[in-house]
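Note sheet for the following structure.
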Amino acid sequence: MILNKIKVVVAGFRGKMGSTAVQMILNAPNFELVALLGRKEEVSEAFDVPVFNRKEELENIEADVWLDLTAPEVAYENAYFALEHGLKPVVGTTGFTEDEVARLIKFSREKELGGLIAPNFALGAVLLMQFSKQAVKYFPDVEIIELHHDGKKDAPSGTAVKTAELMAEERLAHHQGAVDEKESLVGARGAVLEGMRIHSVRLPGLVAHQEVIFGSKGEGLTLRHDSYDRSSFMTGIALGIRKVMTVSELKYGLEHFLDL
């Protein structure tokens with residue numbers, strides 16, 4: 001028997017990511033599922049834990065970690081609520097603004113609580129971001145193409161934005177392409193972050209994919225990561241749940257918990 005299991009609340013348990021995460025937690029010997037947050041009328045399985053409609057109903061729940069796999073419009077409020085009530089948020093929802101992330105980090109320090117916002121929980125995607133940060137030192141001309149299922153609400157993806165932010169730390173911002181470049185269709189060249197172009201693709205059949213394409217005189221370099229199903233995110237989610245128990249402030253990016 002394993003003592004001191006980490007007690008986890010899952011918000012957004014009815015989504016594809018959420019339902020996969022619930023099964024991972026139920027099967028993990030060191031985790032204990034203690035509550036679910038979502039619409040009760042959507043519950044079709046028999047769960048042995050309480051299901052709540054509103055986060056306020058969880059104020060007195062005994063838990064360690066709040067796993068949030070909801071939607072961009074509620075994830076910030078959920079993470080703040082978790083910290084406010086002594087739970088460590090592990091958030092896989094993307095779409096946070098820089099200001100929202102900064103406010104949550106500040107609040108977590110005040111509460112001395114660990115936490116994690118991860119643009120991507122797939123370990124390969126985290127490595128892709130780190131490899132891109134290294135490559136851009138030598139290939140400063142770069143564009144990002146991110147591809148996701150057509151149910152994804154935010155664009156560009158949090159992974160693409162995080163990748164660009166990391167590369168911007170090593171790359172001088174500059175215009176990429178012809179100086180007199182003109183778009184015959186608005187948006188044809190994609191979004192711009194620090195002079196880097198980001199292109200978003202949304203199609204049925206996809207899960208989560210990203211290419212970082214570097215170009216230089218006479219050569220090119222392409223880095224790519226593919227998540228073929230949502231099981232690819234479970235190792236990172238489990239790692240995040242364990243690691244937030246060991247820190248006293250919220251971290252932005254799973255790389256903070258890897259030996260990179």
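Positions of Cβ are set from backbone N, Cα and C atoms, glycine also.
From a predicted model like this one, the values you see are computed outputs, not experimental measurements.
Straight from Swiss-Prot, the features:
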BINDING   GLY12, PHE13, ARG14, GLY15, LYS16, MET17, GLY92, THR93, THR94, ALA118, PRO119, ASN120, PHE121  NAD(+) binding site
ACT_SITE  HIS148  active site, proton donor/acceptor
BINDING   HIS149, GLY158, THR159  (S)-2,3,4,5-tetrahydrodipicolinate binding site
ACT_SITE  LYS152  active site, proton donor
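Mapped onto this structure are the features recorded in Swiss-Prot.
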residue : record                                          : contacts (Cβ under 8 Å, 6+ apart)
GLY12   : NAD(+) binding site                             : GLY18, LEU37, GLY38, ASP68, LEU69, THR70, ALA71, THR93
LYS16   : NAD(+) binding site                             : ARG230
GLY92   : NAD(+) binding site                             : MET17, LEU67, ASP68, LEU69, ALA118, PHE121, PHE233, ILE237
THR94   : NAD(+) binding site                             : PRO72, PRO119, ASP154, SER157, GLY158, THR159
HIS148  : active site, proton donor/acceptor              : SER157, SER200, VAL201, ARG202, LEU206, VAL207, ALA208, HIS209
HIS149  : (S)-2,3,4,5-tetrahydrodipicolinate binding site : ARG202, LEU203, PRO204, GLY205, LEU206, VAL207, ALA208
Extra residues within 8 Å (Cβ to Cβ centroid of HIS149, GLY158, THR159), (S)-2,3,4,5-tetrahydrodipicolinate
THR94, PRO119, ASN120, GLU146, HIS148, LYS152, ASP154, SER157, ALA160, ALA208, GLN210
For GLY158 ((S)-2,3,4,5-tetrahydrodipicolinate binding site), what is the secondary structure state per DSSP, taken as helix, strand or coil?
helix
Provide, as an integer number of angstrom, the distance between the C-alpha atoms of ARG14 (NAD(+) binding site) and the residue listed as 'active site, proton donor'.
15
Sparsest Cβ surroundings (other CB atoms within 10 Å) among the binding-site residues PRO119, GLY158
GLY158
Near the Cβ of THR159 ((S)-2,3,4,5-tetrahydrodipicolinate binding site), how many other Cβ atoms are there if near means within 10 Å?
25
